[in-house]
Structure formats: structure tokens, C-alpha cells
Amino acid sequence: MARAQLFVLAQAAFAMFTIADDVTQKPKKILDTVMSPEYIPPEEKHGSYWKKSAATTLKSKLKETINTNKAKNGILFIGDGMSLATVMAARTFAGQMERGLGEDNILEFETFPVTGLARTYCIDAQVPDSACTATSYLTGVKTKFGVIGLDGNVTRGSCYSQLHKGNWATSIGQWALDNGLDVGFVTTTRVTHASPAGMYAHTSERNWESDADVPEEDLALGCQDIAYQLIMNNPGRQFKVIMGGGRKEFFPNTSTLSAKSTGMRLDGVDLVEKWHEDKMRKNATHQYVTNRDDLMKIFSSDDLPEYLLGLFNDDHMEYHLKANNQPTLEEMVEVAIKMLNSSAKGYFLFVEGGRIDHAHHDSYARLAFDETVEYAKAVKKARSLTNEENTIMVVSADHAHTMTVAGYPSRGNDILGSVDTAKGYDGKPYTTISYANGKATSIGSDGRIDVTKQDGFQNGALDFSYPSLVPLDSETHGGEDVAVFALGPWQHLFTASYEQIVIPHLMAYAMCLTEDKHENLILVSVNTRTLYKEQHNTSTSYFDEKNKDHWKIQAQSVLKNKGRAL
């Protein structure tokens, strides 16, 4: 009997050991992650806190009224590459820099009352570049990858396509000038780069920034580079404010710009001198500046010039965290608004935070987030200097990037650190921020590289490239929609989901820049699509995406539908 009992006990013990061993060996599912935040605000643990928060938001929403004033001024902010993931990460980064948890932080433009979503594809590309998107949000026309200020009836790099004025798409900057408004733009990139070029250039190749970039046979045909178009042609030569980088595109290659740089132009033309001569002929006061000190002298002056050209670096402006005697985007915006405010009829200002995009291309997440925070500061400054009763302000992005915020880190975990709650199946930690593709080598001979052991990660180096799955020489854009934030007259038009080309048309409507005036919102006097059919005896299928009219009609349709909803 005793032996039988011992046998049973032994069997039971073996079973328990086996079960325990199974439990320890069973892989933990990622959804079983237990969070371990260092701190949770005590009030957030109570349901009443969140109910009160919701009630406050609702109360604020109910107080909102529809503003149908004519917008005297318009400001379009574009955060180049500012995906929604970038907004979330940058807001968290900013909050943590201020010693907060981060997740509950709010960037200035996130307080705007109206938000929509814009679709960003080119007519020939699922994932866009900054050239076709600049054409979309500045001219209201979708076009091909790499093309600026031309419709889809072009071939990239074809001079013949560029010379045919029937293919040209004019920008909202031109529309504003046609209505007597002053116009300017500010960017942290070269002023000849794809985004700002959408304000004034018509080029079949975005890389033709100076004549040195244009093939000789195309120059012989009469195709002009982007810098030349800015200074010598309308509307660029009419802009009251031009600020950014890119000095080398404006000077001959025989000109010494700095100890390490010369001009690029092969035609021997000094475009800054040409700009000066043009303003002299107009008998207009003007100033050319190259650094922050000189810009601040102008800002502090009681006698502002009528025209301002600021070229603050030979190439793109330096990243904010690396800059020396270079104005911030916030400072450039403040100077621009101070100058443009002198216009009795109003103004249109385009502002680009362009280096968010460049940091992402190198997978420099820390720099991308800081550039986004600087961009938000510029928005805040513009908001403080304008009146939402007469100024329509729109904040958006041209396209997304492949950066993700992933894993299950605890709240308050360093957004630029590694996930604190788990490791990968390979036993190695992984970062919250990563890229679908990019320049960082993430896989070695022993499998995935533990980047947390690298000096750049541990030291928070500005040029540390975060891990990427697919190795490329440069991280690519992403194809998802971008957010559109709106504040001011007719802000309610910017809700819902729409093509990116609608943005300038909605702004122009609020500012009464086109034939679509406020009083015609609901009853459009002429249906362009029907009129075209009657004149050309063709079906609406003729309206393909290569033609400017196709996109204009889409924008008119959106306006008409929004009018019915009022």
C-alpha cells in the first residue's frame, strides 16, 4: 500500500514538474505585455477625469460658430514629410524635453478647430515626391512625379513639355498677385527646392535648380532653370519676401561664397544682382541678407524694405540643432508677416518646414522631431501675429514617411529609446522608432543588430540613424494620407477626406481669389464640366487626370457639395 501511494505521489510530482516546465517554456505573447510606467497622474486613474475632459471639449465645440468672413490674408504651412506618426512622435518628444510624460503634449496646430485628410499620390506614382505634391497643394493640379508647376501632359525632363504654356499650372501665389495682394514664402530648404518652387516655377525636372543642372540641348531650346525663373520671371520677381537657403544656385561658379563653397552657375549671371537691378527699376526699397544678425536688424527697424531676399546658407539651411547665426523658422515667419502686413489688400504667405523630410531620409529621428517642434513654434508665432477673423491659416504636409512608432512601450518611455516592456524573439531589445526602409544597417552576420549598444544611440547623437528593414541609400516617402489643420474664415470647408489639390482652391475661395465667390457657393453659376461637354461635344471621360480642367472641376464639385451641407 505504501509503495502504491509513493508511486502515485511520484506521478503527481512529475506531472507538476512537467506543467511548470511547460509554463516556463511557453513563449509570452506580445499582447500579454505588462506596462511599467514610472508615473501616472493620479487624477487620470478616475473615470470622472476623462468624463470632465470630454465635457470640456464638447462645450468648446458647441461654442464654435461658422466664420464666413472674407479672408484678407492666407498662410499655408507645409511640414515636408510630416506624417501623422511624425506629429505623434514630435509632440511626445517635445513634452519629454519639458520633463513631462510627453504623450499628452499638444503641438500648436493640433489645437486648430478643423481637421481633414488629404490624398497625396501623383498621377503616375502611388507614393509621391515633393514636386508633384507641391504642384497639388499650390496650383490645385495633380501631376507626375518629379514635375513642378505643369499638368500631366508632360514627360519628366522634357524641355518641349516645359515650354508649352498650355501645360502650365499657376499657383495660388499668382492668384493672390492677380488680386492685388502681396505674396512671399519662407523655407528651411533651398529656395529653389521642390516645395517652394511650386509657388513660381514651371519645370519638367525638379532637379534643374540652376543652369548647371540643365542639359545644354535644353538650355539651347530655351528651358530656364528654377533659380532663373524665381528672379527673372513673374510671379517670382513680384514676391515681396523670399527667405531660405540655396545661395550657390544664384551665383556664378567663379564666385567665392565661403571658405568651402563657390557658386554653381555656368552662365556667369549673378541673380542676386539681377534681383537688385529689378527693384531699382521699380524704385522700390529692398534688402538682401545672408545671416540672422542682418535679418534682425531689418526686423528691429521702423523702416522696413518693400522687398526682402534672404539666402542664409549656400545649400539647405542647417538643422536647427546645428545652426550658427542662422534665423529660426519662427523668426523668418515673424519678419515675413511684419513686412506683408503693410499690404492694404492683404497677403498670401507660404511657409515650409522642409528639413523634417531631410532628417527622415537619413533616418535621423531626433532631428526630424526637433524640426517638427520648430515648425510648430513658427505656427504659434504666426497665430499670435494674425487675427483668425480675417486670416485663413492652413497647416498640412506634402507626404508621409516610412517611420513608425511601434511596440508596446510604457507611457512616458523615452520616445527615442528602446521599448521597456519586451525584447524581440531573438532576445535583443528594439527601438520604439524604426523605418520600413532606410540607410541604417540593421541586419548583420549574427542576425538583427542590437543598436542599443551603439555609441550614437547611447549618446543621443543627432546623426544616429534609427533601424530600418530594407537597406537603401535613402529612406523613402510614405503613401498614406496627411492631416490638414485649418483655422480662420471658412475653416469648416477643410473637413473630411479629399484630394490634396482641393487645398489651394478652398483657401482661394475663403480669400475670394477666383471666380468662385462666397455668394455663389451653393448655386454655382456655370458648371464647367457641362459647359466643356457642350463646347466640345464629348463625354466626361475626356477629362483625364493629365488636364488642368479635370482637377479644377473636382475642386468646384467639393465646394458645391460643401455648400449644400451648410
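Just so you know, glycine gets a Cβ as well, placed from its N, Cα and C.
TrEMBL labels come from automatic prediction, so no person has curated them.
What TrEMBL records for this protein:
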type     : residues                                      : note
SIGNAL   : 1-20                                          : signal peptide
BINDING  : ASP80, ASP357, HIS361, ASP398, HIS399, HIS477 : Zn(2+) binding site
BINDING  : ASP80, HIS193, SER195, GLU352                 : Mg(2+) binding site
ACT_SITE : SER130                                        : active site, phosphoserine intermediate
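Of all the recorded positions given, namely SER130, HIS193, GLU352, those whose Cα is no farther than the 10 Å limit from the Cα of ASP80 (Zn(2+) binding site) are SER130, GLU352. Each of the binding-site residues HIS361, HIS399 was ranked by the number of other C-beta atoms within 10 Å, and first place falls to HIS399. Cβ neighbour count for HIS193 (Mg(2+) binding site): 29 (other Cβ atoms within 10 Å of its Cβ, all protein chains included). Same-chain residues that are not part of ASP80, ASP357, HIS361, ASP398, HIS399, HIS477 yet have a Cβ within 8 Å of the Cβ center of the Zn(2+) site turn out to be GLY81, ASP129, SER130, THR133, ILE356, HIS360, ALA397, ALA400, HIS401. Cα spacing between ASP357 (Zn(2+) binding site) and HIS193 (Mg(2+) binding site): 12 Å, rounded to the nearest whole number. For the recorded positions SER130, HIS193, SER195, GLU352, a Cα-Cα cutoff of 10 angstroms around HIS399 (Zn(2+) binding site) retains SER130. If you check the binding-site residues GLU352, HIS361, ASP398 against the residue listed as 'active site, phosphoserine intermediate', the ones with a Cα inside 10 Å of its Cα are ASP398.
Within the same chain, residues at least 6 positions away in sequence whose Cβ sits under 8 Å from that of ASP398 (Zn(2+) binding site) are ILE78, ASP80, GLY81, THR120, PRO128, SER130, THR133, ALA134, TYR137, SER195, ASP357, VAL482. Close to GLU352 (Mg(2+) binding site) in the fold, though at least 6 residues off in sequence, lie PHE77, ILE78, GLY79, ASP80, PHE185, VAL186, THR187, THR188, THR189, SER195, PRO196, each with a CB less than 8 Å from its CB.
Straight-line distance linking the Cα atoms of HIS477 (Zn(2+) binding site) and HIS193 (Mg(2+) binding site), rounded to a whole number, equals 16 Å.
The number of other CB atoms found within 10 A of the CB of HIS477 (Zn(2+) binding site), across every protein chain shown, is 23. Taking the Cα atom of each, HIS193 (Mg(2+) binding site) and HIS361 (Zn(2+) binding site) are about 15 angstrom apart. Residue density at SER130 (active site, phosphoserine intermediate): 26 other Cβ atoms are found within 10 A of its Cβ, drawing on all protein chains shown.
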